[in-house]
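As recorded in Swiss-Prot, the features of this protein are as follows:
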BINDING   Lys29, Gly99, Arg128, Gln173, Arg347, Arg390, Lys416  phosphoenolpyruvate binding site
BINDING   Lys29, Arg34, Ser171, Ser172, Gln173, Ser199, Asp316, Lys343  3-phosphoshikimate binding site
ACT_SITE  Asp316  active site, proton acceptor
Amino acid sequence: MSDALPATFDVIVHPARELRGELRAQPSKNYTTRYLLAAALAEGETRVVGVATSEDAEAMLRCLRDWGAGVELVGDDAVIRGFGARPQAGVTLNPGNAGAVARFLMGVAALTSGTTFVTDYPDSLGKRPQGDLLEALERLGAWVSSNDGRLPISVSGPVRGGTVEVSAERSSQYASALMFLGPLLPDGLELRLTGDIKSHAPLRQTLDTLSDFGVRATASDDLRRISIPGGQKYRPGRVLVPGDYPGSAAILTAAALLPGEVRLSNLREHDLQGEKEAVNVLREMGADIVREGDTLTVRGGRPLHAVTRDGDSFTDAVQALTAAAAFAEGDTTWENVATLRLKECDRISDTRAELERLGLRARETADSLSVTGSAHLAGGITADGHGDHRMIMLLTLLGLRADAPLRITGAHHIRKSYPQFFAHLEALGARFEYAEATA
């Protein structure tokens, strides 16, 4: 890790008077993992410029290296010497707690004569369902072994391709996994997505990645039909990772909640990350956000008001935006966010519990979360980070506006997606203490 913090720690968030300064948005976690995998599936050398330093990125690099790819870190870049369509067989891969990494690699594992997936996070990734992807791989002819659709999992090919259905009800990552596999199969892949498709934006990011590496693929407007011709090759070269909107949503929200002025650069205006919508949500709530090219300027401290929004397209920003809702006038509701229950924690029930612990009013349904805003938050207690990086972001933002310091347990889990989160906020004027972890 690039930070100098202990391996495990709690964070004590001190109330902030204002936030002021300039930051460059961290590289996108979603694009980093996709670009690294595509680079490994190419034959030859690819330079991925400006990779994220998150635990997910490290998990992908570690697994690709174990599978036989050459990996060299040069400054902020990763130079990958790919294995093409021939990852090593007989390898056990441990993606840690990185669900997307695990699923993407499970799809590609059908190119091998046997790959096993394990995790040292049995109570998190180990409990997350993979059955929809495994069933699709079996229908393509792969051999699969699992613990009732959960890790440990073994996958082995060969498969030729063809037409296959995959459910997108729980996650879009299952379809993305098959999309990475498709171009390297002799017969290609005709994907039919079933169920209520969750998170269209990540699917478009995968299509974007395939295009960046010279792979031909077409999709219907509703993404229910995706066609990928077979016998293709990923083209090596040089790709630049864009800025990360999910993590930046937390910085933008913090800047909106407190007086001051914050400029955040490296956020493309025409970007496929669904969490870009967080900018519009904050504006709708009353935040003063101005865009100049790839830079957003937030003039904070304005009164915010509640909104009701379908959060399906920006699920990874819902936690950060919930901090804005906590101080907005009225009742804010995030609808159609059932997939939040399948993350590192249950981001609906656990969020409701933490908000109530802090004295706020919150309600949940099977697929929604509602928050009643309050002008003040007492703080002065210990909140549970639930081992979830997005929950830690939410609680940190609440602590910045609280009347007294707020302690968050297990704050080291922020490293999963945003290792520099606390350092970036400190650069804007926030103050934190780091204590021995209690959970």
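Backbone N, Cα and C define each Cβ position, glycine as well.
Feature annotations (Swiss-Prot) mapped to structure.
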residue	record	CB count, 10 Å
Lys29	phosphoenolpyruvate binding site	29
Gly99	phosphoenolpyruvate binding site	22
Arg128	phosphoenolpyruvate binding site	20
Ser171	3-phosphoshikimate binding site	23
Gln173	phosphoenolpyruvate binding site	25
Asp316	3-phosphoshikimate binding site	27
Lys343	3-phosphoshikimate binding site	21
Arg347	phosphoenolpyruvate binding site	26
Arg390	phosphoenolpyruvate binding site	31
Lys416	phosphoenolpyruvate binding site	23
Of Arg34, Ser199, Asp316, Lys343, which is closest to Gln173 (phosphoenolpyruvate binding site) if I measure between C-alpha atoms? They're all binding-site residues. Ser199
List, in sequence order, the same-chain residues at least six positions removed whose CB sits under 8 Å from that of Arg34 (3-phosphoshikimate binding site)? Phe104, Ser176, Gln205, Thr206, Thr209
Enter the number of other CB atoms within 10 angstroms of the CB of Ser199 (3-phosphoshikimate binding site). 21
Measuring CB to CB from Ser172 (3-phosphoshikimate binding site), give everything in the same chain under 8 Å that is also at least six residues away in sequence. Ile197, Lys198, Ser199, His200, Pro202, Leu203
From Ser171, Asp316, Lys343: binding-site residues whose CA lies within 10 A of Arg128 (phosphoenolpyruvate binding site): Lys343
Find the one among the binding-site residues Arg347, Arg390, Lys416 whose C-alpha lies closest to that of Asp316 (3-phosphoshikimate binding site). Arg390
What subset of the binding-site residues Lys29, Gly99, Lys416 lies within 10 angstroms of Lys343 (3-phosphoshikimate binding site), using C-alpha positions? Gly99
